[in-house]
Amino acid sequence: MSPAAGVPELPALDGKGLRLAIVASTWHETICDALLDGARKVAVGAGIDDPTVVRVLGAIEIPVVAQALARTHDAVVALGVVIRGETPHFDYVCDAVTQGLTRVSLDASTPVANGVLTTNTEHQALDRAGLPDSAEDKGAQAAAAALSTALTLRQLS
């Protein structure tokens with residue numbers, strides 16, 4: 001996997017003692033499974049061997065499950081994919097998911113990393129999924145962002 005332009009190296013993280021949850025949708029299974037694999041690898045690399053993983057059907061279901069997980073975890077990673085179609089549904093789903101995850105994070109004071117891909121094509125999603133031929137691994141990036149922010153919040157407490 002060659003890095004995309006402008007993407008920083010993922011930091012080394014010591015997440016031992018952090019409770020991490022990952023909520024991932026199942027639409028576009030190959031992509032979502034790859035995102036989940038990337039997030040799990042970052043968790044294990046940070047010393048979190050068994051993050052809580054919850055699967056939901058689609059992206060629109062992710063925020064409410066993230067909300068429940070934010071009550072009992074130090075960080076939450078949201079993973080899924082929404083691919084533009086021929087109707088405005090794409091815009092509604094993307095807006096609802098983004099606003100929902102942001103609200104959950106702020107209301108719970110818990111980092112909720114948005115690793116929900118919003119792309120025009122399936123090819124664009126595959127290129128960001130962390131597969132062997134992908135340019136990026138947004139699952140890994142989202143997990144690193146969630147854990148890094150949780151560690152920052154812990155230092156600020």
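Keep in mind that glycine also has a Cβ here, set from the backbone N, Cα and C atoms.
Taking a C-beta cut-off of under 8 Å and a sequence gap of six or more, I60 (5-amino-6-(D-ribitylamino)uracil binding site) has these contacts in its own chain: V93, A96, V97. Here Swiss-Prot flags W27, A59, I60, E61, V81, V82, I83, N114 as 5-amino-6-(D-ribitylamino)uracil binding site.
Per Swiss-Prot, the feature (2S)-2-hydroxy-3-oxobutyl phosphate binding site maps to E86, T87, R128. The Cβ neighbour count for T87 ((2S)-2-hydroxy-3-oxobutyl phosphate binding site), using a 10 Å radius and every protein chain shown, is 8.
Classification of H89 (active site, proton donor) by DSSP places it within a helix. According to Swiss-Prot, the active site, proton donor annotation covers H89, on the basis of sequence analysis.
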Query raised in the report: Cα distance, A59 (5-amino-6-(D-ribitylamino)uracil binding site) to T87 ((2S)-2-hydroxy-3-oxobutyl phosphate binding site), nearest Å?
Result: 17
Query raised in the report: Of H89, R128, which of the recorded positions has the most Cβ neighbours inside 10 Å?
Result: R128
**Report entry** Those binding-site residues listed as E61, E86, and which of them has the most Cβ atoms within 10 Å of its own Cβ
**Finding:** E61
